[in-house]
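Feature annotation from TrEMBL assigns domain 'Disease resistance N-terminal' to 16-94. Taken from TrEMBL, the feature domain 'NB-ARC' applies to 181-330, 401-588. Look at TrEMBL and you will find 676-748 tagged as domain 'Disease resistance protein winged helix'. TrEMBL lists 799-900, 1045-1188 with the feature domain 'Disease resistance R13L4/SHOC-2-like LRR'.
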Amino acid sequence: MEATALSVGKSVLDGALGYAKSAVAEEVALQLGIQRDHAFIRDELAMMQAFMRAAHDERDNHEVLMTWVKQVRDVAYDAEDCLQDFSVHLHKPSWWRLPRTLQERRRIAKKMKELRTRVEDVSQRNLRYQLIKSAGSKPVTSAEQSSITAAAIFGIDDARRAAKNDNSKVDLVHLINTPGEDLRVIAVWGTSGDLGQTSIINAAYENPDIKRKFSCRAWVRISHPFNPNDFIQSLVKQFRSAVGVDVLLETKKTGKELAEEFSGYLSENSFLIVLNNLSTFEEWNEVKACLPPNHKKGSRIIVCSLQIEVASLCAGQECQALELKQFSAHQTIYAFYEKDCQDQIKIPVVVSSSDESISTNVALGHQSQGGNEIKVFTKSLTRIKTMASALEESQLIGRQKEKTDIINLISNRSNQEHAVISVWGMGGIGKTTLIKDVYESQKLVGVFEKHACVTVMRPFIRKEFLKSLIMQLNVQSSEKKGAIDFAHGARNTALVMMGVEALIKELARLLEGRKCLIVLDDLSSIAEWDNIFGSFPKLDSSCRIIVTTREESIAKHCSEKQENIYKLKVLDCKDAQDLFTRKVFKEDKDLDKHPELIKEANMILKKCNGLPLAIVTIRGFLAKQPKVAVEWRKLNEHISAELEMNPEVGAIKTILGKSYDGLPYHLKSCFLYTSVFPEDHKISRRCLIRRWSAEGYSREIRDKSPEEVADNYFMELIERSMILPSQLSVNSRKGIDSCQVHDLMREISISKSIEENLVFRMEEGCSSNTQGTVRHLVISTNWEADKSEFENKVDLSRIRSLTVFGKWRSFFISDKMRFLRVLDLEGTSGLVNHHVEYIGKLLHLRYLSLRGCDYIFHVSDSLGNLKQLETLDISKTSIFKLPKTITKLKKLQYLCVGAVGKDDDSLNAFEELPKVVLGPCICMGWLLGFCMACCAPQLLKEVMDVDGDMNRCDVCTQCCCVMLPLLMAKEGPTWMPRGIGKLKSLRTLGLVNLAWDKAILRDIKRLTQLRKLAVAGINQENGQELCSVVANLSYLESLLVQARGMPGWVEGLKNLVKLVLRSSRILEHEPALQVLGKLPNLVSLRLGAKSFQVDDLRFTFHPEAFPSLIVLELNDIDGLKSVEFEEGAMLRLERLDFRGKLEETNTGMFSGLPLLRSLKEFMLDSKTYEHAFMEDLQGQLGANPNGPALKRS
């Protein structure tokens, strides 16, 4: 697991080093004559990058190293900012700006010297403290790797608190003497290596009572690599009372002979074995294979390990941790043992009083005479215990369909060869529990001859995996209750000694010609699957392999057929509530009987969002709490703290955190960035990937642009279930238009981003100050503060992004934000023109969004100063004309514009006026409103709810320069200045008005990289020329057209993926549908209001038309009477959207829906349609064999 600090540091360092090596940085250094300083910084950053990788390889995450890593991260941030700042300010000046340029050069040269000094200091600090070992150095010891987190996970913190609170220590002799005939294991581990372990174990080993009880004792130091022959020989030698030359000669036997003698010798004796220097769990499995599994003589094994995880796993799947002895503040010895024997262990407990100390024997879990209770906390120490058994109580609530589906896939006899069935989904969703239930299903009894269910352990070791698989396959099918850890006798001793090739041959022998069912649980990489599957022989066609994984890409790699890939989804609301109430209310399972708890219960279930692990864990915690609203409200309000501090609830974070820990470092930064957005916010895919690109999280790789790389990152996070698709659309790659973050995953994202000072959220109850430099600032809707508090909370000079939700305050933009890259003001209320005048001075800005800000009417000429700008989104504003200076933005890739207005151009002028006129002024007439607004800025300020004063320029701009043109331009497109053809990097452009300037078409023709274009104002004069322009745009995928009639040139757009028609008023619909149906790559078709002008409009979709169409949208089409789909029509259609007019919808309006074999979803708007219409619709969808869902928008 890589620390978050290391991941973020590597990501930032990549960006800084990438820019330091760029041609731009080299040219700036040459101009300034600072090549040596620049080269030094570049080379030092490269060395730091190498050190970061070495830190990752060593997996040494101690506090001192992490402090240095954070310092490197901060230096990398500043280095990138400074280098880019140099290039931004050193553009070619006019002669009259020469003095200012000389001043800039002196400032930059001085800054470069300071930066070099900082870089040198950080590099020297690493060498001074020897934080990173050389590549040839040995890894750090296990004791050094022990941390506070490990202590918490394995129960050490609980044992420490129990010892402190109860003044109790367990004695190793008492643990060994615990009654019971089963073979038991006691593992010993110390916080500072093996110091003190040997003395404690030896004292028990030499205890007279122990000697009398165990006739056979042995103390063995495990050799590396482990040798079974040497191990058994050592045990036999020590078990014998006398050792001589004859004994040594006698013990030099073959492995099989030695094993038989060893098994026979122990059949009548109890033994005590001390295993010293056990370093891995794989070694423990090899040791177990040499010992009899069902020994009933009360024997004991003491394991001494430097690895806390190994010690805990050796003790059993569920174990206790108790303190043996504390030598110092830094060295304490702990014992791990199975919890099953806890009630039988007697330990001395000292109860202190004012007069005396009373010594007594108290059974663990019972009260002492002084009333104290010895608290022993149980920790789950294997994957199945932490996840699957926690979900076991769910009894597959809400999973019956999934169980049936998977059993049907297993039972499918149509496969000509073995089938691999992949079940994938996010962590905690119940994959292991479901597959375990399927594995033990009565429907599969007798179907398969061989069974095996193996959890893929990390790190993956092929030899150990094969041994575990073979041991299970050796068991008869009737005994498939669970995995057999080890068998007995010579057979398993020989198995332990086998190499990989021998194991593969043994596996082939077991599987040859047999029906087998093999479950591979928790597969985490494609490499693991290739390694495993490469070990299998040619399997019988009746064999089935079931794989569970968290990643879709792994599932697709394992299963060749799409139908064998099964995505497990979260529980629906009803099943989630049922699962929650089943244990919380033991008798009254109906939540309605507890009305005072309904609100809080719904809040809890919302946070769980159908995740079984979260529901089961939280319900278990609440079952022990009073059933009062105030207690449940505390959990809701402090869920973040509970995840961090409460061990009962913290298991959720542990499991979900595994998904985060498994991310590569570049995806960790992308995931943490999602904490910028509010809870339940639908995050636009385009917005997110463009912001990632602007922040430098994605960079050009070979022939892929930064946005395409970011798009790949987005899909990787989707496939790993780190983010969840919230809206499906073909407007974006793989049909995902937006995403959301699960509430509990969001808590992890917020926690990690705060830890690394990555994102700071200004919100109600936020911290009064921050520790370190924050890079991303978010203003939440519920934050109320003044300017001084705003500036005192955060160092604004280092902010790289500012995102505002809710109401605008005039002090949110500051001249201190000189390195701001992203300014996202989408939907911000109270924002007017003079508030954004300063934007032209933010020279580093790459992403600017004013989308949805109704009271922004124009952008100033200073916009042309933003030479780094890549995305400009001013759509859904009142801007109707762009300044000429926009043609200077040579790096601009996305230009999204369009005035406020409706899709339908038939709307009257009043509907297109901003709210300020329609509201208080409409009663006096809009002309009078103009006059009042011009004369009364205060009135306008109150109406628009603007922070700060409204000046007359704002008023005049709104009333005179905007409203009148809006009356003339009903369709709401934006007028473009001539010269936009210079913006060669543009990929998205629209909505552009072509009505009054044909020169714009010539400019558009030069934009050869365009992927998406939206135009309006098309008429007979410019229609043919537009055809020529579009034909020249070879990369064009999406076209939105507002034009009258169906232009004939549309049929020539063979590469077109998406087409939107609105206000086209097509008179003959059948020829138009024939033309559109011939577009070979058309995936999405939206027919909007006024797209047809036919009184009795009837759509009939014929076979072979629309061969690639996936989404069809029919929105408010006038006169539409019927929609018919014939057999074989739209074979790939998956989603049908309909928004109709209530007076025109009727029963039988749709026909042929059962014939759409690929249909998955019918989306209907929220209007109240007639009952007969809804029944007919549901009946047709129910008759469709694909089972499409009817959803309301």
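Any Cβ shown, glycine's included, is placed from N, Cα and C.
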Review point. Over the domain 'Disease resistance R13L4/SHOC-2-like LRR' (1045-1188), what is the model's average pLDDT?
Key: 88
Check your understanding: Out of 676-748, 799-900, 1045-1188, which stretch touches the domain 'Disease resistance N-terminal' (16-94) the most, going by CB pairs under 8 Å?
Key -> 799-900
Check your understanding: Do you know the DSSP helix, strand and coil residue counts for the domain 'Disease resistance N-terminal' (16-94)?
Key -> 66 helix, 0 strand, 13 coil
Exercise for review: By DSSP assignment, list the helix, strand and coil residue numbers for the domain 'Disease resistance R13L4/SHOC-2-like LRR' (1045-1188), in that order.
Suggested key: 30 helix, 38 strand, 76 coil
